Protein chains: 4
Amino acid sequence: MTSTNGFSDSQESDLLGEEEYKTLVKDIGFVPTPWIQKLDPAIPIKEEFPGRYNFQVSLGNLDSSKNWVYSQVLKKVFINMEETLPLRFKWEPPEDGLLLRTAMVFSLDQYASDPVRRCHNHMAPNIPSNRDVLPRVIKHVVRCTHHLTLYEERNEHLSIVTPLNRPQPGSQYVPVCFKFLCKNSCPSGMNRRPTELIFTLEDSNRRILGRQRLPVRICSCPKRDKKKEEAEVSQPDVKKRKVCIPAGKKMMPSCDTHIYNAQLNIVGKENYLAVLKYAYDIMAGQAIRTGQLDFFKPYLDNILRKTP
Amino acid sequence: MTSTNGFSDSQESDLLGEEEYKTLVKDIGFVPTPWIQKLDPAIPIKEEFPGRYNFQVSLGNLDSSKNWVYSQVLKKVFINMEETLPLRFKWEPPEDGLLLRTAMVFSLDQYASDPVRRCHNHMAPNIPSNRDVLPRVIKHVVRCTHHLTLYEERNEHLSIVTPLNRPQPGSQYVPVCFKFLCKNSCPSGMNRRPTELIFTLEDSNRRILGRQRLPVRICSCPKRDKKKEEAEVSQPDVKKRKVCIPAGKKMMPSCDTHIYNAQLNIVGKENYLAVLKYAYDIMAGQAIRTGQLDFFKPYLDNILRKTP
Amino acid sequence: MTSTNGFSDSQESDLLGEEEYKTLVKDIGFVPTPWIQKLDPAIPIKEEFPGRYNFQVSLGNLDSSKNWVYSQVLKKVFINMEETLPLRFKWEPPEDGLLLRTAMVFSLDQYASDPVRRCHNHMAPNIPSNRDVLPRVIKHVVRCTHHLTLYEERNEHLSIVTPLNRPQPGSQYVPVCFKFLCKNSCPSGMNRRPTELIFTLEDSNRRILGRQRLPVRICSCPKRDKKKEEAEVSQPDVKKRKVCIPAGKKMMPSCDTHIYNAQLNIVGKENYLAVLKYAYDIMAGQAIRTGQLDFFKPYLDNILRKTP
Amino acid sequence: MTSTNGFSDSQESDLLGEEEYKTLVKDIGFVPTPWIQKLDPAIPIKEEFPGRYNFQVSLGNLDSSKNWVYSQVLKKVFINMEETLPLRFKWEPPEDGLLLRTAMVFSLDQYASDPVRRCHNHMAPNIPSNRDVLPRVIKHVVRCTHHLTLYEERNEHLSIVTPLNRPQPGSQYVPVCFKFLCKNSCPSGMNRRPTELIFTLEDSNRRILGRQRLPVRICSCPKRDKKKEEAEVSQPDVKKRKVCIPAGKKMMPSCDTHIYNAQLNIVGKENYLAVLKYAYDIMAGQAIRTGQLDFFKPYLDNILRKTP
DNA sequence: GCACATGTTCAAGTACATGTCG
DNA sequence: CGACATGTACTTGAACATGTGC
Ligand SMILES: [Zn+2]
Ligand SMILES: [Zn+2]
Ligand SMILES: [Zn+2]
Ligand SMILES: [Zn+2]
C-alpha cells in the first residue's frame, strides 16, 4: 500500500504484544454480541451504538473565531491543526466513574487497520510546539485538553482516555475539548486519507458501553474544504475530472430554478415597464453570473415579448 | 501654536541665514511680477502657473498594487508611507537643462510658514530604514528616486531638486518617482496637518519658470481616507441643515396614474421577491417625489401582502 | 521582534559594560537566595515580597483633578502623561537611610528583557517640557518629584533611586510622587505594551530588602481605558473580534442606518440614470416601510441633485 | 525566522565545534585572498572562479527519460527527487589527485547561513529508500553515485567530497552523477526555498582551487516549474498577484458606451448591496439584449468584486 | 500532461486601540 | 465625555505553489 509520494500509507510496525492482546480480547469480550464484528484486533470497530447509557456526542459552541466548521450535510468537522474542538458528551443516567476513549481512525476501509499517528515532520522533537511534551504523548494526533487524560498505545494504534465526571448541576452534558496535531494531508502521516474520531464510553474495567463516531478533517482551510466536499456530494454524478468549470459566483443563490408567477398592479406605464425591465435584468444578471444563460433565455424572451 | 498633544505644530527653529535669504530673494526676483504675492520668505508660494513652458504634472500608471490612490474629486493623492508615487512632468518645448524643485508644504494657511520635516520617531538613526541614509537627506519627508536629486535646506524649509532631461523619444513627459518618509499623522512631525507638494520648474539659475501643486496625504489606509474625505465634500453638512429641494423635480413623469397589471414568470424565489420589492420601491420613490403618498399607499400595501 | 508599525519593540542597543556588570552582580549577590530567579541581568525580577521590613506601597489621595484612577479589580493605575501619581511607602521598623528603587518594566514576559525608555518624540530636546532637563534624566519614562532622586542606567535598563526618610511624626508612611513622561502607546517607545512599576526597598549598599509591583497604564483617557480593561476581564471568553453578521434578509432592513459610499462605473447614460433612480427608489421604499422618512430625506435629496 | 507553516526555516542547532572551526579556518586560509569574502563560517561562499585549473562544470547528456531539464535562460536545473543528474567536470591540466566538493546552499541571502539538510519525513529510517543507508549519509540532500564519495559535516552544514581522476583517454571531462533526496518544497526541510549546488575543486589538502555554482530545483514537475520560472523572468514587472480580471478587448458597441462614474451615499448595507446588484443586473440585461457581453463583462466583474 | 488537492501568501476589509477635538 | 481621526491587528477570500492521481 504505497502511494506515489513514496510514503507508505501503512504505518504499523510491530505486532501486538501478547499482554496487550489479552487485554484487548478481554475488553471486547464484554461488548454485547451483536456489536462484535471483526475479531481482527488491528481493525478498529466503528459501529455506532448508544448502548444502555444512551451515549451521545454533540458539538460545543462555535465561537466566532471559526477555526473549525461543521458540515450538517456531511456530519463532519473541518478544523485547523492545533485548534480546539469543543465537544459535549452525554450519558444517562449521568453517573460518575466512566471513561471516554477517543481514537482517530481512517475512514476508508482499505486503511482501517493502519494506525493513525503523527507524521515525522510534526513529531520532530526540535520544533517548538513539541517542547515539553512527553514522548508517549508526542506521537498522538489527537490530544485532549483535560489534564487527566491518559495516552495509550495498543499495538501501534493510539487512543486517549479521559475520565468523565457527571455533568455540572443544571447541565445535561460534559464538555471535552480536543486538539489535532497533524493535518490529514501530512505526508508520511495521514497522507491525505480521511479520518474520523471514534468515541467509546467505557466503565472502569474498560468495558465498552457505547460508541459514537465523528468524521474530522484537519486542514489549513476548513471552510473551503467543507464547501468543496459538500459540493461533491450534492453533484455526485459529475465526472471527477471535468474539462471546464463555469464559475458560479455569489451575489445570489444560483441553484433555485423554481418558476414563480408574479401578478402585480402597477401604477403608471413607466413604472410598469420598469418592473418588466427589472425582472428581465435581474434574471439576466443571474444568468451571466451562473453561466446558465441557456436555461434563462426563454424566460427572458418571454418578458421581452410583453414589452411594447 | 501648540496643540493638545504637546507637540508644537511649528517646527522652525532658526532664522533664515543672511546668505540664504539673499539667494532666495534673488530667485524670487526672477519670478514674473504677478506671481510674487508675499515677500515673507518663510511662507512658500503655492500659486499654480504653467508659465511659458506650459509646465504640467500628471499621475503615472497606477499599478495594481494600489499603495496609492488618486481622488478625482479632491485632486488629491492618498498614499502609504515609504511607497512610490509615479508622476509625470511635461514642459514645452522639451529642452534639456531644467530643474524640478519639489517641496512639501502645509495646505492650511495657518501653518503655511511651518517647515515640513520628518518626525523624531522616523528620523531616529537606529531604525533600519535610516541605515545608510545621509544626514542631510534623513530629515526630508519627500525623497525622489532619481539618484542625482539634491536635498536642500533653506531656512529650515526643505526641498529637493531633480535634474530634468527632455523626454525619451516618442514620449511627451518625463517620469519622476517620489517617496514619503513620514505620515501626515506623525506626532512631533506633520501632526495631522494636511499637506501638498509644490513643484517648480526652474532653470539652471534657479529662476522659477512654472509651478504646480498636488495635495498629498500620507497615511496607513489611503483608500479608506480617500473615501471619507470625498464623502465629506459631497455632503458637507448633512446633520446641520438640509437643503430644500423644490418638490417635484423630475426623474420621471409624475402624472400617469393608470393601473397596469403585470404578469410575469420569474425564475427563482429570490428573483421573484426582488421583483416584488422593486415594484414596491419604484412606486414608493415616485410617491415621495410627487408628494402623492396617499394615492400610492394601497398599491404599496398590496404588494407587501404578497411578501412572505 | 518588530511589529507592523515598523518600530522595533526591542529598544536595547548595547551590551552591559563590564563595570556595570560587576556592580550588578555585586548587588544581586546580596539578594536573599530564594529571590534570585534568573541571573540573566536583562530580565528584571518582578516577584513581590514584603521582606523583613514588611515593605508596602499604597495609593495616595485621589485629588479632585482625576488625572488618574485606580482599578480595584485590576490592581492597576491609569494615568495621564505628565501628571502626578501620589504613592505611599511603608516599612517597619521605620528606620532611616533606606532607598527606594523604582523601575518600569514591560508586563508581558515576551518583552520582559526590553528596557523601558522614552520614545524619540518625547525625548526630542527641543520640546518645551525637556527644556532644562538633564540628559541623563531625559530618557527616563518615570520621574520622581523628590529632588534627591538619582537617575540610574544599568545595561540600558533605567531606574531611579529615591532616598527614604522615616515618616513624619504621626504618620505611618512616606509619600512619594511620580510622573510619567511617555504614554504606553508611544510609537518607537513603549509601543502599546503594558507596563508596571517595580519598587524595591534597598539599604545603602543596594541590598534588596523588599519588592512590590504596581501595574500602570499611561494614556490619554484613563477612565475610558480602565472601564474597557475591566470589562475585558469580567468577560474573558467573549470573542475578541466579532464578526459582522449580515442584517436580516427580510424585505425591510429597518435598523441598518450605516452610510455606504457606492462608486460604480456604469456603461451608458441610460443605465447610469437607472442606477441613480433605483438607489433613490429602494431607499424611498425603505423610508416608507420603516416610517423614517425624515432620516432618509437628505440622502434622497442628495441623489436628486445628481440627476440632470 | 519561522514561516507560517510552523517549521523553522533555520535548521542549524549547534555552534561550530572548536575542532571543526580550526579545520575550517585552515581550509579557508589557503583560499587566494581575493576570494575570502566573509569569515563567518556559517555563510558559505558562492563566488564563482575557475581558478588556475580553469575549473568548469557542464551538463551530461539528457537521457530520454527526462527526469530533469535545464533552463538555458535561468542557468538552472529542474529535476525530480531521487533521479540522477549527470554532470561533467573539467580542469586543466587534467592532473590526478584532486577532489570535488559539492554542497547545496540556499540561494537567497537571507537563508545563506542555514544548512541544507533533509526533512524529517525523508530522513525517517523506516522508509524503504533509507534502508541500508549509513546514518552519516542519510541526512544529506545531495548524494553522489561515485562509491568513494565522502559525506562530511562541518558545523551543521553538509557537503560531499568526490575524488577526481583525470578524464578517460580521449575525453575532456570527468562525468559525475548526483541524486537529490528531498524536494525543495519539503516542509521541515528546504521548505520551498530555492537552492543551488556549489562545486569546489580542491587539492588533497583541501585547498580551494576553483569554484562553480549551479542552481537546482528538485520538484515533482520539473518541466512545468521551469516554464513558470522562465515566464517570470521574461515578464519581471508584471504584477505578482492579479486582483482583477484582464479587461476584455473591446469591440465597438453600437449604443451608448460612455462610462459614467456613479458615486452615491446609500443608507444601509442591504440597500447598498441592492444598488450594486441592480447596476450589475441592468448592464447584464443590456449586454444580453445587445449581444455585447464581451464589452460589458469587465464592468460587470468590477461590480462583482465590490460585493462582499 | 492535465485537473485537482491542498498548503501558503497576499491583500482587502473591518474591528479595535487610542489619541485629539469641541 | 462623546464623536471623530487614524494607526494596528485580525479575518477572510482569492490567487498562487506545488504535490498527486489518472
Ligand atoms: Zn503532520
Ligand atoms: Zn514620522
Ligand atoms: Zn513618548
Ligand atoms: Zn524531504
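Yeah, the Cβs are placed from backbone N, Cα and C, and that goes for glycine too.
Listed in TrEMBL:
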type: DOMAIN; residues: A:46-232; note: domain 'p53 DNA-binding'
type: SITE; residues: A:Lys66; note: site 'Interaction with DNA'
type: BINDING; residues: A:Cys119, A:His122, A:Cys182, A:Cys186; note: Zn(2+) binding site
Additional residues surrounding Zn(2+), by Cβ distance to the A:Cys119, A:His122, A:Cys182, A:Cys186 centre under 8 Å: A:Arg118, A:His120, A:Asn121, A:Met123, A:Val141, A:Leu181, A:Lys183, A:Ser188, A:Gly189, A:Met190
Query: Which recorded positions out of A:Lys66, A:Cys119, A:His122, A:Cys182 lie by ligand 1, going by a Cβ under 6 Å?
result: A:Cys119, A:His122, A:Cys182
- prompt: Is there any among the recorded positions A:Lys66, A:Cys119, A:Cys182 whose Cβ is under 8 Å from chain D, and which ones, in sequence order?
  reply: A:Cys119
Query: For A:His122 (Zn(2+) binding site), what residues in its own chain, 6 or more apart in sequence, show a Cβ-Cβ distance under 8 Å?
result: A:Asn130, A:Leu181, A:Cys182, A:Cys186, A:Gly189
Task: Give, as a single whole number between 0 and 100, the mean pLDDT over the domain 'p53 DNA-binding' (A:46-232).
output: 93
Task: Give me the non-local Cβ neighbours of A:Lys66 (site 'Interaction with DNA'): same chain, 6+ apart in sequence, Cβ-Cβ under 8 Å, ordered along the sequence.
output: A:Pro222, A:Lys223
Message: On the three-state reduction of DSSP, what should I expect for A:His122 (Zn(2+) binding site)?
response: helix
- line: A:Cys182 (Zn(2+) binding site), Cβ-centred 10 Å count of other Cβ atoms over all protein chains shown, is 25
Statement: Simplified DSSP label at A:Cys186 (Zn(2+) binding site) comes out coil
Field: A:Cys119 (Zn(2+) binding site): tally of other CB atoms within 10 A of its CB
entry: 25
